[in-house]
Amino acid sequence: MISHTSLQWQSSDWQSILQTAIRDSAELLQAVGVPQSSLDTITGETAGFAVLAPRPFVARMEYGNPKDPLLLQVLALQEEIAPNAVGTTDPLEEQRFTPVPGIIHKYFGRVLLMTAGTCAVNCRYCFRRHNDYAQNILTPARLNEALTYLRSQRDITEVILSGGDPLLTSDRKLSELVAELEAIPHIQRLRIHTRLPIVIPQRITTELCQRLGQSRFQVTLVVHCNHPKELDVEVGLAMAQLKAQGITLLNQTVLLKNINNCAATLETLSVELFKIGVLPYYLHTLDPVQGAAHFAQPMGDSKQLHQTLQARLPGYLVPKLVSEIPGGASKTLIY
Ligand code: SF4
């Protein structure tokens, strides 16, 4: 099922690839051969959330198909600003759990460190689409404050690099950050939440893999992939490089109407992820963020879908169906 898309990006470094990303709805439609008249699009400015689609991801879209599941994840549509659109700007109430800028401390023993303020792709359903990242951007002064907080909280055993996308940080800066964290004795594990290895797999450099492999931490990398069409040969190669360094690879998926709310699609996704060494971890229900209501599907349908997955797949390939409820001690397990 992994498509052999063009290897045209192989010779380019990831920063150059990122610079060529598409940042406009009309340009995106043109690139995938979909007539403007077939979809009711808006600009990123109108949506209050920029359009951003890196070319290796766009290359996996089906040319001429206005219903392509990758296209619909990144194209700004009129539905985002429909007058009856529901949702809030901070559905997980993360501001409540920010003891110092750059840190989100919601759960016992683990914290999020908001390492980067932007992403390599803007997913239209993102629960952080209204975040004012400028407030939390990790300046050297804020990093010092965050590190002081981490040193003072001795029950923290795991740091999760999040964002934005933490892998937008250069290898050198990431290595320095990991070294700072390694110097805090009570931290044992490092987790990285990232969509970059899926949308620009060239981000997985030899230097990055070696640094993570040499860390004193047990390192887990959690990618975010929603559809089997997001996987191609290059993503598989990136995962193999990480795997070779002993890094645990997991995937989280957001359940999205008209994108992946289909048992056969999710079954294929689990099987294909496992082939490249990635275990399905979470299947998230959509967070009620303003501008993304058109991706929501009823909870009953989600449960039924999950039951079908359980019937078709071995247990280790069935991701946990979860929701996030602000103030909960953990994610809420639905199945
Ligand atoms: S990569 Fe993650 S954080 Fe960034 S826009 Fe997509 S869902 Fe949001």
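Backbone N, Cα and C define each Cβ position, glycine as well.
Heads up, TrEMBL stuff is auto-annotated, nobody curated it.
Listed features, source TrEMBL:
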- Cys119, Cys123, Cys126: [4Fe-4S] cluster binding site (BINDING)
- Lys331: N6-(pyridoxal phosphate)lysine (MOD_RES)
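Features as recorded by TrEMBL, highlighted on the structure.
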| residue | record | contacts (Cβ under 8 Å, 6+ apart) |
| --- | --- | --- |
| Cys119 | [4Fe-4S] cluster binding site | Leu52, Cys126, Gly163, Gly164, Asp165, Leu168, Arg195 |
| Cys123 | [4Fe-4S] cluster binding site | Gln73, Val74, Arg195, Val254 |
| Lys331 | N6-(pyridoxal phosphate)lysine | Tyr282, Val322, Ser323, Glu324 |
Practice item. Taking ligand 1 as the reference, state which of the recorded positions Cys119, Cys126, Lys331 have a Cβ closer than 6 Å to one of its atoms. Key: Cys119, Cys126
Review point. Neighbourhood of the [4Fe-4S] cluster site (Cys119, Cys123, Cys126): other residues with Cβ within 8 Å of the Cβ centroid, in order?
Key: Val121, Asn122, Arg124, Tyr125, Arg128, Arg129, Arg195
Review point. Counting across all protein chains shown, how many other Cβ atoms sit within 10 Å of the Cβ of Cys126 ([4Fe-4S] cluster binding site)?
Key: 19
